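Asker: Copying in the features that Swiss-Prot gives for the protein in this structure:
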type     : residues                          : note
ACT_SITE : D205                              : active site, proton donor
BINDING  : H5, E180, M181, E182, S204, D205  : purine D-ribonucleoside binding site
BINDING  : G21, R25, R44, R88, I89, G90, S91 : phosphate binding site
SITE     : R218                              : site 'Important for catalytic activity'
Amino acid sequence: MATPHINAEMGDFADVVLMPGDPLRAQYIAETFLEDARQVNNVRGMLGFTGTYKGRRISVMGHGMGIPSCSIYAKELITEFGVKKIIRIGSCGAVSEDVKIRDVVIGMGACTDSKVNRMRFKDHDFAAIADFDLVRHAVDAAKAKNINTRVGNIFSVDLFYSPDPQMFDVMEKYGILGVEMEAAGIYGVAAEFGAKALAICTVSDHIRTGEQTTAEERQHTFNDMIEIALESILLGDN
């Protein structure tokens, strides 16, 4: 049944949902990659669609910005609509020189400065990691399409405008591949409610050099990341 944030019914969503932050990117994915896509959510403008990709039923819905927002949608999709797998497809910022604009990053683990997972985990540190099979299938899908990817840790921040730029030095030292705002929360929700999750991100800007993509590019391109996610779902069915 419908929730305060999703006006859909059981069965409207597929068991796998791709989740970009931007609802307009969700619409772009539905219109570009899915067949027979129909809108299944529009509450607060957070657009959601269900269609098929190469005959496989798949949904896509935005999750907004930040861990609180994405946690609401992820939790409701899992507990109220029977979703089993969530793949975040979003943008991230790079802090290391060897990570370049438009590189695709597969988030094997997600560090964070958020306290959300500590609240879930009785004030202990929770290892927010992706599901191994989802990681493996994403890597295999990228190889099959000859798309280079980076696999490793990303960092989910609570503040987009950081008051502590020295933290970027620490991230670089520890080999963080990308900085974003949601993956650690989605991994925590998936673990709490028995689902599987993965974040695949495209580097949209470089925090060190200032190089960046435009808002339009972020909304309508980054197709490599989307194709990896879609093809990985098919591999997971085999």
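Using N, Cα and C of the backbone, Cβ positions are placed for all residues, glycine too.
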Asker: Using the structure shown, find which entry in E180, E182 (the binding-site residues) has the sparsest Cβ neighbourhood within 10 Å.
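Answerer: Across E180, E182, these binding-site residues, the one with fewest Cβ atoms within 10 Å is E180.
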Asker: Please name which of the recorded positions listed here, G21, R88, I89, G90, D205, is nearest in space to H5 (purine D-ribonucleoside binding site), Cα against Cα.
Answerer: G21
Asker: State the count of C-beta atoms found within 10 angstroms of the C-beta of G90 (phosphate binding site), not counting that atom itself.
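Answerer: Result for G90 (phosphate binding site): 27 neighbouring Cβ atoms inside 10 Å.
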Asker: Which number gives the other C-beta atoms within 10 angstroms of the C-beta of R25 (phosphate binding site), all protein chains shown included?
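Answerer: Step by step: centre on the Cβ of R25 (phosphate binding site), count other Cβ atoms within 10 Å, giving 24.
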Asker: Sequence gap of 6 or more, C-beta under 8 Å: which same-chain residues meet both conditions with respect to R88 (phosphate binding site)?
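Answerer: Sequence-distant Cβ neighbours: M19, P20, H63, C70, G107, E182, A183, I186, A197, L198, A199, I200, C201.
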Asker: Determine the most Cβ-crowded residue among the recorded positions H5, R44, R218, using a 10 Å radius around each Cβ and all protein chains in the structure.
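Answerer: When each Cβ's neighbours within 10 Å are tallied, R218 tops the list.
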Asker: Around D205 (active site, proton donor), how many other C-beta atoms are within 10 angstroms of its C-beta?
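Answerer: Around the Cβ of D205 (active site, proton donor), 17 other Cβ atoms lie within 10 Å.
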Asker: By a simple count, how many Cβ atoms lie within 10 Å of the Cβ of I89 (phosphate binding site), its own Cβ left out?
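Answerer: Taking every protein chain into account, the count is 24.
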